[in-house]
Ligand SMILES: NC(=O)CC[C@H](N)C(=O)O
């Protein structure tokens, strides 16, 4: 990062905005600000140019049709792909995860090309995955279990060019016991919440990638207590 402020890009919030995933940008901005680091959010609307100059791009969830529109738009205006090639961070949620992959097939059976930033392919499952999710993640991603909720039909196969974020302990995730995908600085998950509000360690991991070093600790005991409650509730639900 060369500038003093972190430049966050909220990609197509007008069509990729289900379940308040846009809140992830706000969480990053606040967690930077609480440490005295300025951050700006650029909303990149449909039909607007997609800048390649930002530090971190966020893509949220969306219905099949919105997702197909978004993929076509972002392939035609490859600002994110150019930014990723020079090391910018890209973070996707649900439809965002699916369209960062090589391709995805929507529920009508139509296959769409993705942005090709993740070695992942998505096809429709037999039924929608809806509910709370708990994911165990490894030390390289902070080792804190992830919590969130999911609502998607697609099932995602992560290829050898990427790796899943972790193993599902409750819920469906990718559909094969794994959840999400990561390669280099491109990271994506099925979890809504907004997921970065529920999982501050994941928010700080992304900020650390932008800053070049992990940000200073930010103790917020209330957030920790809420997390513990949600994790316990989801685990209890999974045993039922
Ligand atoms: N919540 C979402 O983003 C849904 C993604 C995709 N349309 C699916 O159903 O699989």
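Cβ from N, Cα, C; glycine included.
Of the given residue ranges 100-125, 126-151, 152-177, TrEMBL assigns the label region 'Disordered' to 152-177. With a cut-off of under 6 Å between the Cβ and any atom of ligand 1, the recorded positions 94, 128, 192 reduce to 94. On the 0 to 100 pLDDT scale, the domain 'CobB/CobQ-like glutamine amidotransferase' (11-199) averages 96 in the predicted structure.
Around residue 128 (substrate binding site), the same-chain residues six or more apart in sequence whose CB sits under 8 Å from its CB are 151, 152, 153, listed in sequence order.
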